[in-house]
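Visitor: Below is the structure I would like to discuss, written out as C-alpha cells.
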Amino acid sequence: MESITISQLKNWKRNKKKIAAITAYDFSFSRLFSNCGIPVILIGDSLGMTIQGHTSTLPVKIEDIAYHTKAVRKGAPNTFLISDLPFMSYYDTKQALKNTAKIIRSGANMIKMEGGKWLIEIIRELSNRLILICGHIGLIPQSFHYLGGYKVQGRKENDANKLIDEALLLEEAGINMLILECIPEKLAKKITESLSIPVIGIGSGKNTDGQILVMHDLLGITEGKTPSFTKNFLSESDSIQKAIQKYIYEVEHSIYPSKKHSF
C-alpha cells in the first residue's frame with residue numbers, strides 16, 4: 001500500500017469514497033490492519049481501557065501515546081496515523097505545542113483533540129505551524145464526568161445547533177479532519193455536508209465520510225457490555241484478516257453502520 005496522505009483522504013470525500021478507520025496500539029495488529037488495506041489508524045487514548053485496564057481514558061499520559069505510536073508506525077509504515085492528545089495534555093497553547101511535537105516525532109501524521117470552542121486558539125496556533133489536526137466533538141470521553149456519562153449528544157435542537165456551530169468554527173480555525181461520536185444520524189449528515197474536510201463517525205450513522213471503531217469492539221474481545229453502535233465482525237468471519245476486510249467492505253458500501261447501529 002502506498003503512503004496515505006491527507007490530500008488523498010480529502011479527495012476520497014469529494015469522490016464519496018468512504019474511509020474505514022480503526023484503533024491500534026501495537027506492531028502486530030497495526031501490520032495486520034495495514035496489510036488488509038486499512039487506510040487510517042487511530043492510536044487512541046482508549047488504550048487506557050483496552051490495554052491498561054482502567055475504567056476511563058483519563059489516566060493515559062502523553063508518554064503512553066508516544067510509546068504506542070512508535071510501535072504502530074513500525075507495523076504500518078504507509079498508513080495514515082492519528083494520535084490522541086490525552087486528558088490535560090493540551091490545556092494551553094504552550095503545552096499543546098510541546099506534546100504535539102513529541103507525538104509527531106513518534107510517527108503520527110496527525111494529532112487529535114477533543115473539544116469545541118475553547119480549542120479555537122490552540123488549533124489556530126498548531127495550524128499556523130502546519131500541524132495536521134483532527135477535531136472530536138459530540139460525546140467526548142475525556143469529559144464524560146461533565147457530560148453525565150457516556151450518552152448520545154445533540155438530541156435537543158439547541159445542542160444540535162451548538163455542535164454544528166462548533167464544527168464550522170473548528171474547520172475555520174484549521175482542523176483537517178473531524179470525528180463525530182454518538183450524535184443522531186441526521187445531525188451527523190448535516191455536519192458532514194457542511195464541511196469540506198473528511199468527517200469520520202463513530203455511533204453517528206452512515207452518512208459521514210467514514211467510520212472508526214475500537215479494534216476490541218470490532219473483533220468482539222471487549223470485556224462486558226459493548227456500545228450499541230458497535231458490531232462484532234469476527235463473529236461473521238473465520239479469521240481476523242477476513243473480519244477486517246469485511247469491515248472495510250461494509251463501510252465502503254454503506255452497509256455498516258445500519259439503522260440498529262445508529263441513533
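Here the Cβ of each residue, glycine as well, is placed from N, Cα and C on the backbone.
Quantities reported herein were computed from a predicted structural model and do not represent experimental measurements.
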Visitor: Same Mg(2+) site as Asp84, Glu114 according to Swiss-Prot: which of Asp45, Asp64, Asp92?
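Guide: My reading of Swiss-Prot gives Asp45 as the candidate in that site.
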Visitor: How many Å separate the Cα atoms of Lys112 (3-methyl-2-oxobutanoate binding site) and Glu181 (active site, proton acceptor)?
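Guide: Between the alpha carbons of Lys112 (3-methyl-2-oxobutanoate binding site) and Glu181 (active site, proton acceptor) there are 13 Å.
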Visitor: A 10 Å Cβ contact count, applied to the binding-site residues Asp45, Glu114: which residue has the minimum?
Guide: Glu114
Visitor: Go through Asp84, Glu181, our recorded positions, and report the one whose Cβ sees the most other Cβ atoms within 10 Å.
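Guide: Compared across Asp84, Glu181, the most Cβ atoms within 10 Å surround Asp84.
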Visitor: Centre the Cβ atoms of Asp45, Ser46, Asp84, Lys112, go out 8 Å, and tell me which other residues of that chain have a Cβ in range of the 3-methyl-2-oxobutanoate site.
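Guide: Same chain, not in Asp45, Ser46, Asp84, Lys112, Cβ within 8 Å: Leu42, Ile43, Gly44, Leu47, Thr57, Val60, Ile65, Ser83, Leu85, Pro86.
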